[in-house]
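Have a look at the structure below, then the notes.
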Amino acid sequence: METPTDEHGKLSEPFLTSSPSKGGFRTLPFILAMEAFERVAIVGITTNMIVYLTGEFGMETATAASVIFVWSAATGFTPIIGAFIADSYMGKYPMIGIGTIIGFLGMILLWSTAMIPQARPYCDQFNTICEAPTIPRLLLLYFSLGLISIGAGGIRSSFMAIGVDQLDERNNSHGFFNWCYVTLMFSSLIAVTLIVYIQDNMGWKMGFGVPVMLMFLSAVAFFLPSSFYIKLKPKASLLTGLAQVIVASFRNRHIALPSHAANEVYYIREGSMLQVPSEKLRFLNKACMIKNPQEDLTSKGTASNPWSLCTIDQVEDLKALIRVMPLCSAGIMLSVTVNQGSLMVIQAGTMDRHVTSNFEIPAASFSLFMMISVVVWIAFYDQIALPLASKIKGQPVRLGLKQRMGIGLLCSCASMVASAFVECTRRKIAIEEGFSDEPQAVVHMSALWVLPFYVLAGLSEAFNAIALIEFCYSNLPKTMSTIAANVNGLGGFTGNLVASLITSMVDNVTKKGGESWVSSNMNKGHYDYYYCLLAGLSMLNFVYFLVCCKAHGPCHGDNENEAENSGIGDHESIDDC
């Protein structure tokens, strides 16, 4: 039985309109509330976690940063695994349900480390001296963080998809995506302000207790309208199809490719516009070559073994993914620099954070300025910069995708240069004021000096991350839109792992000659050198990006409708990279 499609070729479910008692806009507030509570809880504990690990668990700064990098990497990667399992085996509703429960349990265990004195090492708060954490205590901590990552993976992998499932062709799914973005942004703003304020002023028992309650509310919000959800059954995963191409091309590696593709018989999916595979990455074409029709095909014309024979569409999907991977990998270093915010929390904590005589900004709340810079720049770019430039030139103008990605990489490099300058100045003042042996002492330097890092990091995200998603959407087939949507999560996962590796290597190498650059005592360490190293690596990454741009060739332009309505010649389009 063929799957029905709409006039745009998109898959549709026939029962969406025939079952008015299920789905619809009435379920969306519960889905958005579920994600909002989860996001506030996890972002709230992540932002200030380095303070908890160094102050309550007695970890070295480098060790704590590495733990957070790995944990953040896991939290970024589990949604990808969750999406694969949900699409292929479980379905979205069970995946989210299990995710909320596991995340709630993880939050309770993390809260227990703050509630139960025996669950963490003893620390002298006056002398900032802590016992070394024992193995059982560390296992409890890591197990709780692992459960939180798994829970986040279950929720984040499917909450947007299950929201779209509730809508039919009469509804506007674009509005749902806009509300998702607004929900995520405001949830993060609440997390870095309210939750961080509670942690700094009411202690960790309350600071972790509130996220526990939020995760409980997240589960309640999701399960409450369960009888009204449209719950689609899982279907074949795109990732499985890509894996089949790799396996099939390897199994058929001894087959000789013809000089011209048209001279060979290829396995074509019914209704496909592709009749022959492209000449790029030709070795993958072996996956769709029909060697013996009697053995390779069934009586219905389908592949006898999909792990030995794939369709041309599957092969071309993998080729498209391989082509965008080098440019996507250039964003890994950007994630490394942006993720240095954990160290910035410690740096800001040693500076004067007073705005007035009675109010000071919590150190972990400075990441608020990163989010503000993203929102302000997007609004300025779309509503002021582009219309003004178009009016001056007399035709529609926009920056190319690769141009925006490149600017983002340069902004990330500049953020590290600014951080190095600020840290060099802060360290010098700390030594002059006699605080060399007092890492917790507050120097006479305004913490507002760390704003250039957050503003530039926000601009790098606004330029690069958004352009990268657009790049993937425009250069990958529509069937791979899920991968395009998750490319930032994958980049963040890899970036956190790389950041952890760099921090550990710098710590191990530099402490052999004396004090480590990333010492727990920032006044004795040399975080300015560390930031300079990251700035240098970022510049090398930019050169790598330029090479990838040259090798990739021109980008695909604006969407088809815009091209048809306006004509490529009437635009300075994103092809001009």
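Note that Cβ sites are derived from N, Cα and C of the backbone, with glycine treated the same way.
Automated prediction, rather than curation, is the source of TrEMBL annotations.
The transmembrane segment annotation in TrEMBL covers 61-86, 93-114, 134-155, 176-198, 210-230, 366-384, 442-469, 529-547.
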For the transmembrane segment (442-469), the candidate among 93-114, 134-155, 176-198, 366-384, 529-547 having the most Cβ pairs under 8 Å is 366-384
- Query: How about the transmembrane segment (366-384) and the transmembrane segment (176-198): at least 3 CB pairs under 8 Å, pairs 6 or more apart in sequence, or not?
  - Reply: yes
Outside the transmembrane segment (93-114), at least 6 residues beyond either end, the same-chain residues with a Cβ under 8 Å of its Cβ set are 34, 38, 41-42, 45, 52, 56, 82, 85-86, 120, 137, 140-141, 143-159, 162, 203-205, 207-209, 211-212, 215-216, 218-219, 222-223, 226, 229, 231
Between the transmembrane segment (61-86) and the stretches 134-155, 176-198, 210-230, the largest tally of CB pairs under 8 Å belongs to 134-155
